[in-house]
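The annotation transmembrane segment is assigned in Swiss-Prot to 14-34, 37-57, 68-88, 97-117, 143-163, 228-248, 263-283, 289-309 on the grounds of sequence analysis.
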Amino acid sequence: MPFITLERILAHTSFFLLFFVTFIYWGKFLYINIKPITILGEISMKIACFFITTFLLIRWSSSGHFPLSNLYESSMFLSWSFTLIHLILENKSKNTWLGIITAPSAMLTHGFATLSLPKEMQESVFLVPALQSHWLMMHVTMMMLSYSTLLCGSLLAITILIITLTKQKNLPILTSYFNFPFNSFIFKNLLQPMENEILSYKTQKVFSFINFRKWQLIKELDNWSYRVISLGFPLLTIGILSGAVWANEAWGSYWNWDPKETWALITWLIFAIYLHTRMIKGWQGKKPAIIASLGFFIVWICYLGVNLLGKGLHSYGWLI
């Protein structure tokens, strides 16, 4: 079987597995919680990670260079990074709710690479002389791993903000619960006539318990967001430094203020501020989450926005 055919089979199969996993995790979050299906989702994520790993190894073997030379390969590597982070976090935290964030991230990134990019961009190409360097693996790998970890940490921070916005709103919680058809029937026919009693002392205790559980969830999200970003920041630092050394070898200058370099520096500064507020100022919860949420958009601008729309040494020139 030709390598290109095997690559396509692995790419499309892994995408559908990630789509299936995303459906399971979100289905479990919204309404369905069947243990065998949850286990099937966990197994499917492991298989998807294995398939993407195999895809990257085959691409590496057939092209003769590490598969990070174009947007398609880097997007596939980013998707693989999301699946790896998912498996690590799920194993460390023993919580399946993290898959609500990581599974869609892997699926959407994979879908962008597999379904959106033109066929000519998905083909393996020979490296230009400037990229034929041992720094390719070091620099680009560190940058892509930092992107995936920082994006996951930022998504956890965004989740904190969403939960915080509803933390003190008890009635919307009740309303959202009764949005399901069967529960809505119970509410309208059995509970609504007792509207005055619905806010009784016991009900208020239930709401207090809900807010306590939300407070616990916010603390756990805040902890994992901090830990993941703390991992991504040194990876980003190593990626920028190795890129500077590589740039000096290739172009004779450590820093050229290329759009990619500029936005990488902005990304570094945003997450440096985040870590400063956590480690030095002792901030927790909403305030650092706002900074990390800003970092989420900055990372995407740095990775895709500059590459696709900007002009410079790192531009893929697809949209312009």
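The backbone N, Cα and C atoms fix where each Cβ goes, and this holds for glycine too.
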Surrounding residues of the transmembrane segment (37-57) on its own chain - C-beta under 8 Å, 6+ positions past either end: 7, 10-11, 13-14, 17-18, 20-21, 24-25, 27-28, 67, 73, 76-77, 79-80, 83-84, 86-87, 90, 96, 99, 103, 106, 110
Top partner of the transmembrane segment (228-248) among 68-88, 97-117, 143-163, 263-283, 289-309 - counted as Cβ pairs under 8 Å: 143-163
Most Cβ pairs under 8 Å with the transmembrane segment (68-88), selected from 97-117, 263-283, 289-309: 97-117
Stretch with greatest number of CB pairs under 8 Å, the transmembrane segment (289-309) reference, 97-117, 143-163, 263-283 candidates: 143-163
Same-chain residue ranges lying at least 6 outside the transmembrane segment (263-283) that approach it to Cβ under 8 Å: 143, 150, 226, 229-230, 232-233, 236-237, 239-240, 243, 291-292, 294-295, 298-299, 301-302, 305-306
